[in-house]
């Protein structure tokens with residue numbers, strides 16, 4: 001007589017549980033599942049739940065040594081996607097104990113690990129995650145958050161202005177610092193290292209940090225405003241990254257920057273902890289996000305990457321523009337912008353928000369609009385993003401025919417004009433162009 005029946009059995013017998021009541025401590029996921037032809041959606045949904053939690057392809061002897069009921073992921077809901085053939089939203093609940101505390105890395109290894117290569121699925125996309133309060137409380141989150149940043153910078157009641165220094169590659173450190181100075185002197189709050197600028201032969205990081213710090217102090221002295229430059233600390237190893245952050249702090253720089261997807265969540269969380277301990281703000285760039293989030297039916301939606309970043313830690317994150325050169329729909333973008341900034345966000349499917357998310361006093365992140373925007377977009381941007389945002393004009397500053405400083409002046413003047421017009425109750429959508437024309441006289 002055998003102890004148990006080996007062999008392959010349907011996942012749905014164990015992992016499809018439509019009657020399950022979700023717990024407040026569960027991590028909930030909404031997956032867009034495209035099963036292979038002939039695979040029923042229940043089986044596909046259950047397969048996702050199994051493969052991203054306790055399951056393997058057969059019953060194993062060691063299952064008897066643990067409580068599956070306590071540790072298994074469960075597919076508790078399925079709905080067909082309107083307008084798509086053979087696509088379903090599968091809702092999966094994961095018990096909290098499956099995840100290491102304070103580790104975005106571990107959360108993703110489970111939820112979006114092997115399961116994405118699964119044979120029974122043609123494609124799989126993680127659309128949203130509900131992160132329970134009990135798990136959020138194990139994370140530090142953003143080093144400082146929106147309010148503390150405003151207090152540090154002494155800038156209130158308007159979006160902040162930035163500019164990426166171009167040409168992104170090829171300038172010497174001295175000329176790079178000069179461009180930084182001109183932009184800050186003209187009226188921007190921040191300038192930015194491009195995400196590709198790390199420490200290349202034509203400009204080593206230490207030289208760049210030095211000349212940028214000089215530019216910041218000079219511009220501060222002349223304008224009486226606090227200025228910053230996002231010093232990109234991204235590096236090939238975590239140790240080197242922290243070394244760069246330490247040097248930035250020694251120079252008295254207010255903010256450093258990290259590419260969180262190429263750098264990885266482990267490195268990012270380390271840097272975020274360092275930044276909080278040492279009073280540095282942290283600007284996050286999302287290079288590589290489109291590799292993960294651009295396909296509609298496979299990968300994961302950017303709102304998930306944004307939530308993960310808020311847990312891992314960052315004070316600014318690039319979030320699309322709605323109007324510039326890169327893709328992004330307005331309502332959907334505003335959905336994850338709110339997920340970054342607000343304390344509590346209600347479920348709202350029209351904005352792509354599948355779950356109500358409570359952030360319980362985890363600091364907020366400023367969304368950064370960047371990529372192909374310029375001064376004529378200013379009315380739309382102030383209206384769409386509101387005060388709590390950073391508007392970044394790279395070519396839209398440095399492309400000014402009179403040079404960098406006048407480009408910076410133009411952006412600052414346009415911003416102040418739009419904010420004032422809005423505060424006076426004028427309709428930015430309708431009168432935007434007129435407001436800008438008046439301002440530039």
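Each Cβ is built from the backbone N, Cα and C atoms, and glycine gets one as well.
Just so it is clear, the model here is predicted, and its values are computed rather than measured.
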Substrate binding, same site as 114, 164, 168, 286, 370 - Swiss-Prot member from 229, 318: 318
Spatial neighbours of residue 318 (substrate binding site) that are distant in sequence (at least 6 apart) but have CB under 8 A: 284, 285, 286, 367, 368, 370, 371
Same chain, 6+ residues apart, C-beta under 8 Å of the C-beta of residue 166 (active site, proton acceptor), given in sequence order: 194, 394, 395, 398
C-beta crowding around residue 164 (substrate binding site), within 10 angstroms: 24
Under 8 Å by Cβ from residue 195 (Mg(2+) binding site), same chain, sequence gap 6 or more: 232, 234, 259, 285, 287
Rounded distance in angstrom between the Cα atoms of residue 192 (Mg(2+) binding site) and residue 164 (substrate binding site): 4
Mapped DSSP class for residue 286 (substrate binding site), helix or strand or coil: coil
